[in-house]
Structure formats: structure tokens, C-alpha cells
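Feature annotations, courtesy of TrEMBL:
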- B:175-274: domain 'Copper resistance protein D' (DOMAIN)
- B:14-33: transmembrane segment (TRANSMEM)
- B:45-66: transmembrane segment (TRANSMEM)
- B:78-104: transmembrane segment (TRANSMEM)
- B:111-130: transmembrane segment (TRANSMEM)
- B:136-159: transmembrane segment (TRANSMEM)
- B:179-197: transmembrane segment (TRANSMEM)
- B:217-236: transmembrane segment (TRANSMEM)
- B:257-280: transmembrane segment (TRANSMEM)
Amino acid sequence: MKHIMFTAMVSLWATSAIAHSPLEATVPANEATVSKTPSEIVMDFKGAIRLTRVSMTQGNQPSVSLDLDAFSGFASDYAIPVPPIGMGNYLIEWRGLGADGHPLKGSFSFTVK
Amino acid sequence: MLDLWELASIATRFALYLGVLTAVGTFLTTLLFQITGCRHFTVGFALLGIAATVMGFSLSGAALTGDAGGMVDFEMLGLLWSTSVGTAVALRLAGLGLLIVGLLLGRVGRILSMIGGGLALWSFVTVGHIPDRGSLLLSIALLFHLVAISIWIGVLTPLRSLALDPSRLSDAVRVGHRFGKIAAVFVPLLILAGVYMGYELVGSLSSLVGTGYGQALIIKVLFVASLLTLAAANKLRFIPQMSRGDPAAAGHLSKSISIEWSVIVTVILTTAALTSILTLPS
């Protein structure tokens with residue numbers, strides 16, 4: 001029993017690591033370096049999703065939640081305003097609800113130089 | 001790497017499938033094979049299904065916010081409730097509630113339990129990867145799949161109990177024979193339904209071997225194949241030996257059922273991962 005369960009757990013742990021993101025494209029693109037500070041970030045999903053949380057983190061600074069009040073319902077394209085930012089590395093982390101009822105999450109990063 | 005909410009989501013989904021399928025399956029089995037004395041067992045698993053349904057809904061709220069606050073965040077839970085997730089939760093709670101009430105009412109409650117069990121199984125057809133395809137045939141295949149595996153799971157514990165009771169050995173042989181006859185029809189159909197659903201969801205060999213979803217499906221199929229081997233041993237070897245009065249056969253059957261249970265638990269665990277954290281191949 002324990003061997004069977006252990007085998008299944010290890011196998012599932014390994015396969016889950018390559019589950020792919022429903023995010024098709026972003027602006028700025030993932031791992032892109034841009035010279036101009038963006039006033040908004042664009043997230044283009046493969047299907048309709050309701051974003052519930054989006055946060056932005058610069059380096060070791062505390063993360064900032066981005067305002068999603070302007071959005072309601074499910075959509076596949078989001079353009080989310082961001083507060084004025086300076087140069088540095090940025091990590092955007094998002095969570096949302098897929099149209100099939102699955103909670104979804106993902107992240108992407110970019111650099112402003 | 002899986003986060004805490006994803007692990008909790010798999011664990012809850014596992015408890016949900018185990019609770020609903022065992023409760024509904026045991027009820028259907030007692031009806032089909034006229035077995036008595038399984039009421040507490042069935043109610044216990046139905047309560048597990050209800051607890052897992054509530055916990056799963058709450059955890060889905062947490063998955064939307066990324067923190068424990070989401071479990072009681074009315075905005076998130078309201079959003080979930082407005083989707084097919086809410087419909088499935090409502091159907092599941094109503095179904096399992098009816099199943100329990102019907103069991104407590106005795107013989108007159110059988111219809112209530114039957115409706116309740118049907119609603120609880122139907123709730124899985126209203127949300128998830130398969131209903132999203134909008135194909136009636138796929139939904140029918142899934143419903144048949146659920147009914148068949150619930151009966152399979154449901155017969156195990158009553159059959160094991162009968163086999164271990166020397167005074168009810170003839171009942172064990174009767175149930176084993178009748179289940180074997182039914183299984184000879186529904187197992188090939190179950191395989192057919194599984195292959196059809198798998199093909200529709202995964203779509204290609206490259207997706208089967210090259211995606212997390214496909215690989216988890218392969219793991220599930222391998223475990224199901226071992227389950228079929230055990231079931232064949234029960235039907236072709238241990239049940240006939242019991243009917244011939246072999247004193248060791250009941251012990252072998254009991255051991256085989258215990259192993260079958262552990263494989264089923266693993267298959268349910270794999271299914272929980274498939275339906276909670278793994279995305280379909282595009």
C-alpha cells in the first residue's frame with residue numbers, strides 16, 4: 001500500500017511541474033528588458049479568465065497589489081494600470097478563475113533599464 | 001512546485017471522490033445484491049463527501065487569493081458560486097444529504113437515496129474538463145464511468161466482510177458471482193468510455209507523453225490495468241474456489257480486495273491531481 005501510494009505521489013509531483021500556463025502573451029514580454037517604464041501591463045490569456053489577484057514585486061521590496069476594480073466578469077485580455085515604477089527587475093504574479101471553474105495562477109518578469 | 005493550496009486541493013478532491021463514490025457505490029451495491037448492514041459505512045463516506053465538498057469550495061476561494069483569507073472571502077466565494085463550480089457544489093450537497101436522509105428512513109427512503117446518489121454523481125458532470133467540451137456523448141460517457149466505478153468500489157467492502165464471516169460464505173459467493181457477471185458487461189464498456197474520454201481530452205500521442213496531464217493519465221491507466229488483473233483473479237479463481245468450499249479461498253479473496261482497495265485509492269489520488277492542478281493539453 002505504502003509503496004503504491006509513494007510511487008503515485010512521486011510521479012504526480014514530477015508531472016505537475018510541467019503543467020503549462022494558460023497565459024499566451026504579456027506586455028512587457030516575459031524576461032524582456034525595456035527602456036521605458038510601462039504605465040500598464042497587458043496579459044493575454046488563451047481563454048476567458050477572471051483575474052482575482054495581481055501583484056508586482058521589485059527586487060526585495062514588498063509586493064504591491066494591482067487594482068483590478070475596473071474589471072468584472074471573465075475576459076481573455078487585461079490591460080492593468082501600474083503605479084509609477086523605476087528601474088529594476090519586476091515580478092508579476094497573478095491568480096484567477098478559469099471558465100471551467102479551475103483556479104489558475106502564474107507569473108512573469110521583466111526588467112526596466 | 002506545488003504550493004500549499006494546490007496540495008490541499010488535491011487532498012480535498014481525493015477525499016471528495018473517495019467519499020462520494022464509496023457512499024453512492026455501496027448504496028447501489030446493497031440494492032443490486034440485496035446486502036444488509038452497510039448503512040453506517042455508507043453514511044460515514046457520504047459525510048466525508050459533504051465535508052470534502054465544503055472544504056474544497058472554501059479552498060478554491062483561497063486558491064483565488066493565495067492566502068487563508070480567501071477561504072472565507074465572500075467576494076471570492078460568491079464569484080465561485082456564480083459559476084458551474086457553485087452549481088456542482090449545490091447538487092453534491094443536496095445529493096449526499098438526500099442519500100443520508102433516505103438511508104435513515106430505511107426501505108421507504110430508497111427512492112430518496114437513489115435520487116440523492118444520482119444527483120451526487122451528476123454533479124461531477126456539471127463542472128470540469130469534460131462538461132467544458134459541450135459534448136453530450138462525452139458527458140454520458142463520464143456519467144457511465146462514474147456509475148460503473150462507484151459500483152466497483154461499492155462492492156469491495158461488503159464482499160470482503162461477507163467472505164470473512166464463515167456463516168455468510170454462501171452470500172459472498174452469490175455476490176461475487178453476480179458482480180462478476182455484471183462486471184463482464186460493464187468493464188469492457190468502462191474501458192471504452194475511458195479510452196474515448198482520454199482521446200477527446202488529450203487528443204494526440206505527443207500530448208499524451210509530452211504533457212503533465214497526459215503523463216498522469218498514463219499513470220492512472222497503468223494502475224487501472226493492475227486493478228483489472230486483480231479483479232480477474234477474484235472472478236476466475238477465488239470466487240470459484242470459494243463456491244467449491246476451499247477453506248483458504250476466502251482469505252485469498254480478502255487479501256486481494258485489500259490490495260484492490262489500495263490500488264483504487266491510488267487511482268483516485270491520480271484522478272484528484274488530474275482534475276485539480278493539471279491543465280489539459282492545448
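Glycine too: its Cβ is placed from the backbone N, Cα and C atoms.
In TrEMBL, annotation is done automatically, which means it is predicted and not curated.
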The transmembrane segment (B:111-130) and the transmembrane segment (B:217-236) contact flag, 3+ Cβ pairs under 8 angstroms: no
Contact ranking winner - B:78-104, B:136-159, B:179-197, B:257-280 against the transmembrane segment (B:14-33), Cβ under 8 Å: B:136-159
Recorded stretch that, among B:78-104, B:136-159, B:257-280, has the most CB pairs under 8 Å to the transmembrane segment (B:45-66): B:78-104
Range from B:78-104, B:136-159, B:217-236 with the greatest count of C-beta pairs under 8 A to the transmembrane segment (B:179-197): B:136-159
Secondary structure composition of the domain 'Copper resistance protein D' (B:175-274) [DSSP: H/G/I, E/B, coil]: 92 helix, 0 strand, 8 coil
PLDDT averaged over every residue in the domain 'Copper resistance protein D' (B:175-274): 89
